Amino acid sequence: MLRFLVFASLVLCGHSTEDVPETDARVVGGAEARRNSWPSQISLQYQYGGSWHHTCGGTLIRSNWVMTAAHCVDSPMTYRVVVGEHNLSQNDGTEQYVNVQKIVSHPYWNKNNVVAGYDIALLRLAKSVTLNNYVQLGVLPREGTILANNSPCYITGWGRTRTNGELAQTLQQAYLPSVSYSICSSSSYWGSSVKNTMVCAGGDGVRSGCQGDSGGPLHCMVNGQYAVHGVTSFVSSMGCNVARKPTVFTRVSAYISWMNNVIASN
């Protein structure tokens, strides 16, 4: 719901409805992930009407810090993070619930211009979580790392399983190979909407991110190890799984120094 406001403002800025990014990105065309197979994945939830509601994903990068998308925390709400989560509708016995104490969005983030980039935020938790088999820190890439075209990647999240569908209750995953910047920024793909501080993945018209996946990780295999190379940012307003409109992510390796500075100063 919150990201549709961003989408509406982009339309007013003159973008064609064929190419307007919709920043409310769930896993379409995926399958249920094996329980706790992605232990750095978190559920970001907001409080409303006395209940907590899933709104975005995120990645645990320190025991008391989470990386997510800036558009996920634009609204002044009370947020909490759930780690060790798999099924949102039941208690798995592995969850830990921690309130968000501080939100630090990138200073250049503009909610009215998502295609400018900088869609990244860090959340400081009220206390450190306990690391175990179900809760682990995400591995981040080296600063400046650029994925090769067609690198093996997975998107994970509790987002919608189809355009305008329902949120998933169990964590989903979908194989989304990366798409190089040169291809993704071509006129037959996203054109100038995609910047070199972003990562594209998918675009086969079958599998994609969708509403509810925003802020969550893109896990990519490089040198035999999965690392979180992307933060789910936007999809096409024509639908989540549109051919030649790959899911677009904030490129994590472009913000390593910024994140280190935020954590060190907070």
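Here the Cβ of each residue, glycine as well, is placed from N, Cα and C on the backbone.
The disulfide partner of C72, as annotated in Swiss-Prot and taken from the candidates C13, C56, is C56. Among C13, C153, the one Swiss-Prot lists as the disulfide partner of C220 is C153. Of the cysteines C200, C210, only one is given by Swiss-Prot as the disulfide partner of C184: C200. Of the candidate recorded positions, C56, D119, S214, C240, the one lying closest to E85 (Ca(2+) binding site) when CA atoms are compared is C56. With respect to C184 (disulfide bond), the closest of these recorded positions in Cα terms is C153, chosen from H71, N87, E95, D119, C153. Here the CA atom of N87 (Ca(2+) binding site) lies 24 Å from the CA atom of C220 (disulfide bond).
Taken as a whole, the domain 'Peptidase S1' (27-264) shows an average pLDDT of 93 in this prediction. The Ca(2+) site is defined by E85, N87, Q90, E95, and by the 8 Å test on Cβ atoms against their centroid, the other residues of the chain that qualify are V82, G84, H86, L88, S89, N91, D92, T94.
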